[in-house]
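**Student:** The following block contains the structure, expressed as structure tokens.
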Amino acid sequence: MIDVNTVVEKFKSRQALIGIVGLGYVGLPLMLRYNAIGFDVLGIDIDDVKVDKLNAGQCYIEHIPQAKIAKARASGFEATTDFSRVSECDALILCVPTPLNKYREPDMSFVINTTDALKPYLRVGQVVSLESTTYPGTTEEELLPRVQEGGLVVGRDIYLVYSPEREDPGNPNFETRTIPKVIGGHTPQCLEVGIALYEQAIDRVVPVSSTKAAEMTKLLENIHRAVNIGLVNEMKIVADRMGIDIFEVVDAAATKPFGFTPYYPGPGLGGHCIPIDPFYLTWKAREYGLHTRFIELSGEVNQAMPEYVLGKLMDGLNEAGRALKGSRVLVLGIAYKKNVDDMRESPSVEIMELIEAKGGMVAYSDPHVPVFPKMREHHFELSSEPLTAENLARFDAVVLATDHDKFDYELIKAEAKLVVDSRGKYRSPAAHIIKA
């Protein structure tokens, strides 16, 4: 047993060693924030390549400047694959993936395997915080028994909290420090220690009554967005059939100063959270005999968008007297959103696969993704095509899937034979531009 005040004071005095487990789009910015305010930080990851790059002062995420990594390294940050060093840490913040399996059900293997790897090295006085997006009950059902397996009692010897990550890669308006941090603890003592951990690094910490409430908060945030995007994607289809520009309509509706929040249609949902989180809740709800029909319907609409874009591409080619089979198609933007290199759950990749499955010859251009990376479910041996007049002329059609600012939209409009615009970038009508 340890006095909770002693643990709290260690964080308030910034004498604690912060362990970040999982050094990706969530863990790396968090590491940089704690390092910047004077904490010693140890990064832990199973990926040797990532660890070696970080220890060499290099970065593998485009929107994080390499100079920041080099500065952190010079001021004491270290990365390792050695989980035995967990015992050195006063805080362990878990930032690992929570994807879906092939049945569209939660894949908790990363969380469970990581916690199992930590177990032998947990000790009195530590706080364990899970940040991965997950279903309500994960912290209590999966982490709690594992943390206590060696005899430590949560709330007395060791502290357990859930604080969902809210990173938005590439967003220039918000950073780790300025995004409020929701947190729930397994006990009041856990919450007290968790607040002490995060209030050093985050401007505003928002405590809630339990880890379940914190887990549900994250799901509500993202399901709210997914459902509203599903709504506007469905309205896009109706508006298109009626000859109405949905982007014009959304912009006009957004002038109402109350009761309306603008959401814009696109080729489908991307990123690690928005396309996945609804399935976490629908899966857990079934345990309680409930069916989340509204959420599931919006998911069906969003999942159908790549097929909708494909249909628009085929229509455009048919109008030009061509079939998709044998046509050369350039997909513009394969990251899941503009101005980043993050390809997690990108609908662009599904569009590429659909084009290929129909016999089209697919290529891509993305200034943020020079080479198609290794992905768990998708595989293309491709590099980004230069966006030049000569190159655009080689393709029978281009599909604007992600509207990066670095694209030359006037060049695309002038040189492409057919443009399928899934992002509403081209508002003025043109014979060779099809809105999708």
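Backbone N, Cα and C define each Cβ position, glycine as well.
According to Swiss-Prot, the protein has these features:
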BINDING   13-34  NAD(+) binding site
TRANSMEM  13-32  transmembrane segment
ACT_SITE  Cys273  active site
**Student:** Between the Cα atoms of Leu28 (NAD(+) binding site) and Cys273 (active site), what distance do you get, rounded to the nearest Å?
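**Tutor:** Cα-Cα distance, Leu28 (NAD(+) binding site) to Cys273 (active site): 17 Å.
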**Student:** Can you name the residues of this chain that are 6 or more positions from Gly22 (NAD(+) binding site) yet have a C-beta less than 8 Å from its C-beta?
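**Tutor:** Listed in sequence order, they are Ile44, Asp45, Leu94, Cys95, Val96, Pro97, Thr114, Ser132.
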**Student:** With every protein chain in view, how many other Cβ atoms are within 10 Å of the Cβ of Cys273 (active site)?
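**Tutor:** That number is 26.
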**Student:** How long is the line from the C-alpha of Met31 (NAD(+) binding site) to the C-alpha of Cys273 (active site), rounded to the nearest angstrom?
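**Tutor:** So the alpha carbons of Met31 (NAD(+) binding site) and Cys273 (active site) sit roughly 21 Å from each other.
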**Student:** What are the sequence-distant neighbours of Tyr34 (NAD(+) binding site), meaning same chain, six or more residues apart, C-beta distance under 8 angstroms?
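**Tutor:** Ile18, Ile20, Val41, Gln200, Ala201 - these are the non-local Cβ neighbours of Tyr34 (NAD(+) binding site), listed in sequence order.
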**Student:** Under 8 Å between C-beta atoms and at least six apart in sequence, can you list the same-chain neighbours of Tyr25 (NAD(+) binding site), or say none if there are none?
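**Tutor:** Listed in sequence order: Ile61, Glu167, Pro169, His272, Asp342.
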**Student:** How big is the Cα-to-Cα gap, in Å, between Gly19 (NAD(+) binding site) and the residue listed as 'active site'?
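**Tutor:** With the alpha carbons as reference points, the distance is 23 Å.
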**Student:** Which ones in the same chain are close to Ser13 (NAD(+) binding site), with CB under 8 Å and 6+ residues apart in sequence?
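**Tutor:** Set apart from Ser13 (NAD(+) binding site) by at least 6 residues yet with Cβ under 8 Å, there are none.
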